[in-house]
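The structure appears below as structure tokens.
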Amino acid sequence: MNISQSSYSSSSSSVNSASVATADPNVISSRRSADSSQTLASEPSRRWRDIFWLGVFLIQLVLMGCALTVLGLNRFKKTDRLNIDRYTQRFLENQRGLTENYWPLYALAGGVGTVLGWTWLLFLSSQANHMMKVAVHILTTYLAVISVLLFWMEQFFWGVAFAIGAVLQFLYVISVIDRLPFTMLVLQAAVKMVWSLREVMRVAYAFMLIMLLWMGIWSFGAAGVVASSIGDGGRWWLLVVLSISLFWTGAVLCNTVHVIVSGMVFLVLIHGGREASSMPPNSLMKSLRYAVTTSFGSICYGSLFTAAIRTLRWKIRGLRSKIGNNECLLCCVDFLFHLVETLVRFFNKYAYVQIAVSGKSFNHSARDAWELFQSTGVEALVAYDCSGAVLLMGTLLGGLITGTCSGIWTWIKYKDRVVMVGSTAMLMGMVLVGLAMVVVESAVTSIYICYAEDPLLIHRWDAEFFHQMSEMLHQRLQHRSSRAREVLTHHRFDNHTQETLPA
């Protein structure tokens, strides 16, 4: 009881102090922005960070490339060309599929995913808000429809999985429905920033082409696995391993774009516009060079864990806000919540802005970003914002559309391979669409970091947006303060009741 009471007292005092600090933005100094400008202008030499994870990523990339080539060639134009089947006789099913039978199905997935990603970037300025709203409201229905189709195809396990996904998606949207107006406001501001930096969109196009080249090799090996004579269990295990590799590779490319775009947006906000005289020359190329050299190890490291931890945090936050007065369930969820919050301190997407600006290691950058948010009270605003979840919904929807297109073609030609091809094609679509979505997410993270560093940077860029953010921050800090007082009062009442009960 005493520990809980002291924690709530400290949280209440920190919230009150943060609200005082943010109550009048006009008195906040610009010392941090000045320091950042001087640091960026001097361009200190950067050290290579997280080299171990850079080595691990490159080694797995080389080994996976060799394995994919072997798996694809073994069934290319001839069954068991490399005589691999002799090592899998226990799982032999006498299948005579060829790599070229399934490779076009993955080519369709790559084409659809690329078209969806490029369409997103093309209509970013005019239709982005509508596309994000559609993604939020359509995803639940789409998951439910796919679940029904899977039941119709007698794929009961996957039908149940997609039905559970539809229910969880519906519950999450209901739990955060009141946050969506502010989320859309932040996303609109991010789109405005990105659209003023056309060169970062060209970076996204270029990285999508690089991802397509790797997917050509990956799908060649995956088609060889689907066509192999190994049993379904062996094929699924191989596809899971290949999918993990593709996910990590795609996340690394997405976060490389994240670092590049974050660096550009941060520089624009710090220097008051891209046309400012203090703006460093060749900023984009310098951000690109840092991202693919000294900071690439940090990107590889963060890409392994950040997405999973962030998704888990969204789900727990949504569940926590709708529990009500069920103290037993609330206690269990709070335990998970605090565990995830501890992980978020060392693995969060805001680290990529710090990596872009200062070239720190990933964990150091993540910790600095989170401490900055907590010390200024901006963490309350970050926790309320659902922009990352909305962009993830758009990515999932793009992946589902891609998987559906490949799945329908597979159903026409090879009915027993629908789920196998459709699920892996869905992952390909998510990676390609994610490369387009990450441009906006990068702007969002940079805006929050700059707002925490010095709110006047946002005021100088967009005064109306600044006032809307400040008003929402004030509301969230008041809400947290009132909740802390309510819980503290409840604890005091319980203690008083326990003391007077024996009497």
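Cβ coordinates come from backbone N, Cα and C, glycine included.
All TrEMBL annotations are machine predictions without curation.
The annotation transmembrane segment is assigned in TrEMBL to 51-73 (among others).
Here the transmembrane segment (103-123) has Cβ contacts under 8 Å with residues 72, 131, 201, 204-205, 208, 212, 215-216, 219-220, 222-223, 394, 398-399, 401-403, 405-406, 409-410, 413, 421, 424-426, 428-433, 435-437, 439 of the same chain, all six or more residues outside its ends. The transmembrane segment feature in TrEMBL is assigned to 103-123 (among others).
Using a Cβ-Cβ cut-off under 8 Å and counting only residues 6 or more beyond its ends in the same chain, the transmembrane segment (135-153) has close neighbours at 159-160, 162-163, 165-166, 169-170, 173, 180, 390, 393-394, 396-397, 400, 404, 411, 415, 418-419. What TrEMBL records for 135-153 (among others) is transmembrane segment.
Per TrEMBL, the feature transmembrane segment maps to 159-182 (among others).
For the transmembrane segment (203-230), the list of distant contacts is 65, 67-76, 79-80, 84-85, 88, 91-103, 105-107, 109-110, 114, 117-118, 121, 238-239, 242, 245-246, 249-250, 253, 256-257, 260-261, 284, 288, 417, 420-421, 424, 428, 431-432, 435-436, 438-439: same-chain residues at least six beyond its ends, Cβ to Cβ under 8 Å. Summarising the annotation, TrEMBL assigns transmembrane segment to 203-230 (among others).
Look at TrEMBL and you will find 236-269 (among others) tagged as transmembrane segment.
Beyond its flanks by at least six residues, the transmembrane segment (290-309) meets 46-57, 248, 251-252, 254-256, 259-260, 263, 340, 343-344, 347-349, 351-352, 355-356, 359-362, 365-366 of its own chain at Cβ-Cβ distances under 8 Å. Under the heading transmembrane segment, TrEMBL lists 290-309 (among others).
The transmembrane segment feature in TrEMBL is assigned to 389-411 (among others).
Sequence annotations record features per position, and here TrEMBL assigns transmembrane segment to 418-440 (among others).
When the stretches 51-73, 159-182, 418-440 are ranked by Cβ pairs under 8 Å to the transmembrane segment (236-269), first place goes to 418-440.
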